[in-house]
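Undergrad: One structure coming up, written as structure tokens, with questions to follow.
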Amino acid sequence: MKWVTFISLLLLFSSAYSRGVTRREAHQSEIAHRFNDLGEEHFRGLVLVAFSQYLQQCPFEDHVKLVNEVTEFAKGCVADQSAANCEKSLHELLGDKLCTVASLRDKYGEMADCCEKKEPERNECFLQHKDDNPGFGQLVTPEADAMCTAFHENEQRFLGKYLYEIARRHPYFYAPELLYYAEEYKGVFTECCEAADKAACLTPKVDALREKVLASSAKERLKCASLQKFGERAFKAWSVARLSQKFPKAEFAEISKLVTDLAKIHKECCHGDLLECADDRADLAKYICENQDSISTKLKECCGKPVLEKSHCISEVERDELPADLPPLAVDFVEDKEVCKNYQEAKDVFLGTFLYEYSRRHPEYSVSLLLRLAKEYEATLEKCCATDDPPACYAHVFDEFKPLVEEPHNLVKTNCELFEKLGEYGFQNALLVRYTKKVPQVSTPTLVEVSRSLGKVGSKCCTHPEAERLSCAEDYLSVVLNRLCVLHEKTPVSERVTKCCTESLVNRRPCFSALQVDETYVPKEFSAETFTFHADLCTLPEAEKQIKKQSALVELLKHKPKATEEQLKTVMGDFGSFVDKCCAAEDKEACFAEEGPKLVAAAQAALA
């Protein structure tokens, strides 16, 4: 290995090192500094997001009042940095403002106790009370004309309400990215409110944006969980693999610098430091664009855009081409007689280099798989470097990777075939059965939500070319399973889920895949309520109808976990016919009341 490069790699693991997002000199007034850097519009948006993510139950108007007060205070500090309280940290200033909310105790209960603490404990306390499942339901889009009227009457309020509604539903949303989506939202309404058919223009665009927003939220939640539960090292390893795939022409020293900056930025956003996070993200985009020649040939178009679009574009940019004539991996990591010496002198650096070199050569692998391979390589070196003949011991380490690569390949192949055979709804139901049998203690709404999300892997990834399927599918599954882990952590009910969620971030998906039917589960009593429905079912949107049916399927399995596929098919078929019949009846409610008990009796007989 080239030792000049090796020494430069040490900088990756020195948390103080960073040329782009540097630790700035202390400013007399932090809030004035951030206001000047970000500008009033972005400052206001970020403060609104911060308050909405902490105080998720408060009405929009209350947040607007707080934002106005903080903004006016910041302007005062810009005019005179030595004015009263301008020297306070952002946590102190925003925390003090949160604690002035009169309804804090009534709305948030013990969260009000946080206000008795001093910083930094107070902010940590607020973070612990963020609710990943606040129960507000999906954002309902009002009628197109009403939306356009509201947009034209007060654009700033309209977009502020959008930021508020997303932020309070997603308390870990990546704040600068949410400002970007608000700009996109504005663009949709600017265009569609001038269209002849406003609804025809708005509906598909708003739906497409909603999907992007939900995906963005889930990805950032995984990053925050990675930092919070597994530490900075885990996040940096993930980032090394991802950026090495995306920027394979960049030197490792460059990748290491970007990774260090990214870790700082995401730590700030996950920690509620949204002004610092957005400011540092803008600095990183600036650095990347100034140094694009040494990073990627694909960045030129991104770098001509305004700051929010620029950062988003860089995060989504296509992979660069692999450099020609890369030496075989084995040269530095198997055949070199100094492998153990290099490893033992700087373990994380040596493994970081391995991960970089392996990832840039394998854009078709998922990040999770690359990290599992690095873990296997580390375990092999730990074992072999303690033997009398290390080179002989680790000579075939790359052969040991084969089962680790084949397992997700086979899983994706099998599940894509099942998806192609059953379609998305049928595939979701197959996963629902699979996961309810594995972890029946998990609540029915969570099992339905997670299985529906897992089922979307088919339409998201199985339609991709073969070379892209694995990366797409496994990285998507990591994001969805993190949602299960986050919800389960709040109300833990299954030791199996806790074990898979907490033992290893990179092995979460294989851990869940390997779970068998839980033989220790004591079945629930049969409840007629499971099949008690009313006429309102008929007017529900298709997705909500599916959720009702899928909830019934889960409850059936919790009652009869050993039910065969044939039995389930019979009962769910009867259920479908029952719904169709009553929704077509003249007196729907009477039909549901009369036919419901018959369905219950038939279901009990079928499952007996």
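Note that the numbers count up from 1, one per residue, in the order the chain is shown.
Note: Cβ is positioned from N, Cα and C throughout, glycine not excepted.
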Undergrad: Have a look through HIS91, HIS129, HIS396, HIS409 and flag the one Swiss-Prot assigns to the Zn(2+) site that HIS271, ASP273 belong to.
TA: HIS91
Undergrad: Out of GLU30, GLU40, GLU41, which is the one Swiss-Prot records at the Ca(2+) 1 site of GLU268, ASP273, GLU276?
TA: GLU30
Undergrad: If you follow Swiss-Prot, the disulfide involving CYS302 connects it to which of the following: CYS289, CYS313?
TA: CYS313
Undergrad: If you have Swiss-Prot open, could you say which of CYS86, CYS99 makes the disulfide with CYS115?
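TA: Checking Swiss-Prot: disulfide partner of CYS115 resolves to CYS99.
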Undergrad: For the Ca(2+) 2 site, Swiss-Prot lists ASP279, ASP283; sort out which one of ASP37, ASP518, ASP536 goes with them.
TA: ASP37
Undergrad: For the disulfide involving CYS289, grab the partner from CYS270, CYS303 as Swiss-Prot records it.
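TA: Disulfide partner per Swiss-Prot record: CYS303.
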Undergrad: For SER513 (phosphoserine), which residues of its chain lie six or more apart in sequence with Cβ-Cβ distance below 8 Å?
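TA: Listed in sequence order: LEU411.
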Undergrad: To the nearest whole angstrom, what is the C-alpha distance linking SER29 (phosphoserine) and SER82 (phosphoserine)?
TA: 8
Undergrad: Around the Ca(2+) 2 site recorded as ASP37, ASP279, ASP283, what other same-chain residues have a C-beta within 8 angstroms of the site's C-beta center?
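TA: Here the nearby residues are ARG34, LEU38, GLU276, ALA278, ASP280, ARG281, ALA282.
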Undergrad: If you take the centroid of the Cβ atoms of HIS91, HIS271, ASP273, the listed Zn(2+) site, which other residues of that chain have their Cβ within 8 Å of it?
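TA: Those within range, site residues removed, are LEU90, PRO120, ASN123, GLU268, GLY272, GLU276.
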Undergrad: Sequence gap of 6 or more, Cβ distance under 8 Å: name the residues on the same chain that satisfy this around HIS271 (Zn(2+) binding site), in order along the sequence.
TA: ASN123, LEU127
Undergrad: Determine the most Cβ-crowded residue among the recorded positions HIS91, LYS229, LYS460, using a 10 Å radius around each Cβ and all protein chains in the structure.
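TA: Going through HIS91, LYS229, LYS460 one by one, the largest Cβ count within 10 Å is at HIS91.
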